[in-house]
Amino acid sequence: MRLVFAGTPLAAVPSLQRLAASGHEVALVVTRADAPLGRKRVLTPSPVAAEAERLGIPTLRVNRLDDDATARIAAVGAELGVIVAYGGLVREPLLSTPARGWINLHFSLLPRWRGAAPVQRSIMAGERVTGASVFQLERGMDTGPVFSMEERPTGDHETAGHVLDALAVQGADLLARTVDAIGAGTAVARPQEGEPTLAPKTTIDDGRVDWARSADEVLARIRGVTPEPGAHTSVDDVRLKIHRAAALRDAAPLEPGRIAALDGRVAIGTASHPVELIQVQPAGKSPMPAADWWRGVTTKDVIAR
């Protein structure tokens, strides 16, 4: 089949690579416009745009799928549109422009975690299993019938970044098999079953750790917002980012937010057992071992808030 592919971040690159290597033709790649990155704000193509260039596939770099973009996509004459984290809404008439419509690879077990941050929200909620779904795009947000779905267990220490990297590869294979089935006329899409949950985009506020929660909830929050937007707390009114932490289940309890050295480890209290801070990043500095940071803290009688 002749395809048009829409995607933007690194998580969409394995899907583009997999489809480009298949028996189908990726005639056009739609991605977000080049954006300023880094301290020097250099205009930089999206990871998908860069990969499309490497593969020699024409790109359409737009932030809105308006009438002009619709006309340019329609001119390609694709039979099927494929979306993986493009970052914009597909509305009519574009929704009906490819003969077979659009399918979307979503990184959750639909209808759970519909929205922009399914992996992050799943981990933050303490779930032990996530996965990927390929569904027919329709007007509702991630509501369309599902062609295929695969589960993936979430490890106790995996961050959202780790899980998303793994699902990007697993999902790419699932997506390619689904495209093959659609092309062969054997694909069957079934309505979503179960109670839907929503996964809105994460914000800086989502990264603030509430030490009055249990250790398990605290650690789930930290893993769910790592690497972005990142977990953080305030110590003496100075923001401290938390990159890695672990449970200290056998340690003596500490007041929620209280920081102390326990057997050479930097511990912080929660509503249950303490949590060990392993790697942190003080404001304006590079990431460092928590023990190094703690040695530089002059006032040891502190509570994180």
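Along the chain as shown, residues are numbered 1 onward.
Backbone N, Cα and C atoms are what each Cβ position is placed from, and that goes for glycine too.
Source: prediction; values computed, not measured.
What Swiss-Prot says about this protein:
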type	residues	note
BINDING	SER108, LEU109, LEU110, PRO111	(6S)-5,6,7,8-tetrahydrofolate binding site
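Shown on the structure are the features that Swiss-Prot records.
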residue	record	contacts (Cβ under 8 Å, 6+ apart)
SER108	(6S)-5,6,7,8-tetrahydrofolate binding site	ARG114, PRO118, VAL119, SER122, THR130, GLY131, ALA132, SER133, ALA199
LEU109	(6S)-5,6,7,8-tetrahydrofolate binding site	VAL129, THR130, GLY131, SER133, MET149, GLU151
LEU110	(6S)-5,6,7,8-tetrahydrofolate binding site	SER133, PHE135, ASP142, VAL146, MET149, GLN192, PRO196
PRO111	(6S)-5,6,7,8-tetrahydrofolate binding site	ASP142, THR143, GLN192, GLU193, GLY194, GLU195, PRO196, THR197
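Other than the site residues SER108, LEU109, LEU110, PRO111, same-chain residues with C-beta atoms no more than 8 angstroms from the centre of those residues' C-beta atoms, the (6S)-5,6,7,8-tetrahydrofolate site, are HIS106, ARG112, TRP113, ARG114, PRO118, GLY131, SER133, ASP142, VAL146, MET149, GLN192, GLY194, PRO196.
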